[in-house]
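Student: In case it's useful when we look at the structure, here is the feature table from Swiss-Prot:
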DOMAIN    14-260  domain 'CN hydrolase'
ACT_SITE  GLU60  active site, proton acceptor
ACT_SITE  LYS133  active site, proton donor
ACT_SITE  CYS166  active site, nucleophile
Amino acid sequence: MGSIGSMGKPIEGFLVAAIQFPVPIVNSRKDIDHNIESIIRTLHATKAGYPGVELIIFPEYSTQGLNTAKWLSEEFLLDVPGKETELYAKACKEAKVYGVLSIMERNPDSNENPYNTAIIIDPQGKIILKYRKLFPWNPIEPWYPGDLGMPVCEGPGGSKLAVCICHDGMIPELAREAAYKGCNVYIRISGYSTQVNDQWILTNRSNAWHNLMYTVSVNLAGYDNVFYYFGEGQICNFDGTTLVQGHRNPWEIVTGEIYPKMADNARLSWGLENNIYNLGHRGYVAKPGGEHDAGLTYIKDLAAGKYKLPWEDHMKIKDGSIYGYPTTGGRFGK
């Protein structure tokens, strides 16, 4: 079940390409326009070099960068849909590929902070999935918590796609939500620096294994004069093994063959370690059909809006003041 990548379309399944886009240095709207041109050029070049590719993925922050002094300013924000997403849609249609792109999205409510958003565009140039990051990387990220849940859409080669953004991938419940809604290929786009490199690799594998689904993950690469972004695009099999692992090179293209039917077959035919099923059917050998209530306190408390850790009252950091953000909520950083 290994993969060394490919230039051609497999007979079944599909070929994916994850682009380790160089971390953008963005100081003006002109720089954003340049990034968009670069992303579109790279999309077309990737299709030309890998003619069988059907899904091309770009990392978080590849469009607008990570200039923390300006990333909340109106100059740096985009709309979804908007002029810029139309350019991406045109490129996907011309190249006849699915594309995954990152957008820092202006909040329709002008009184609140922007969203960190991912979109999937199909080969007809239509936005078929829009996801807003549910778990911003607090306390450093100022994005408003996403309000669209975890959508799933049809993709190439029998795939059902979902996208999470960077820190979302550290939340196992979110990967489980995607799988519970039918996802068999879980995409993660990130702008992480090296502090969490090992944890990135670990969670990409565990998200695959716990849910019997492929994971395809890609991070920015390079140095932005403060942090180094590690690249290391990773494709994991549904059994949690790594099929392809990128390096730390900016512009590296990590490719691999994905066979969604194999993940689907595992979900249907496995007994041992079919854990996404076992969660809701505990002890089904002794009790026909199993016990449907897992008895998990935190799930019940989350559902009731009462989630609270035993040590929560004693925690030192529960707002963004360490990074200079106000603690009153509402729109800031315009």
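All residue numbers here begin at 1 and follow the chain in the order shown.
Backbone N, Cα and C define each Cβ position, glycine as well.
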Student: Give the distance between the Cα atoms of CYS166 (active site, nucleophile) and the residue listed as 'active site, proton acceptor', rounded to the nearest whole Å.
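Tutor: Per the Cα atoms, CYS166 (active site, nucleophile) and the residue listed as 'active site, proton acceptor' stand 7 Å apart.
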Student: Average the per-residue pLDDT over the domain 'CN hydrolase' (14-260) and send me the rounded value.
Tutor: 98
Student: How long is the line from the C-alpha of LYS133 (active site, proton donor) to the C-alpha of GLU60 (active site, proton acceptor), rounded to the nearest angstrom?
Tutor: 11
Student: Please state whether DSSP places LYS133 (active site, proton donor) in a helix, a strand or coil.
Tutor: coil
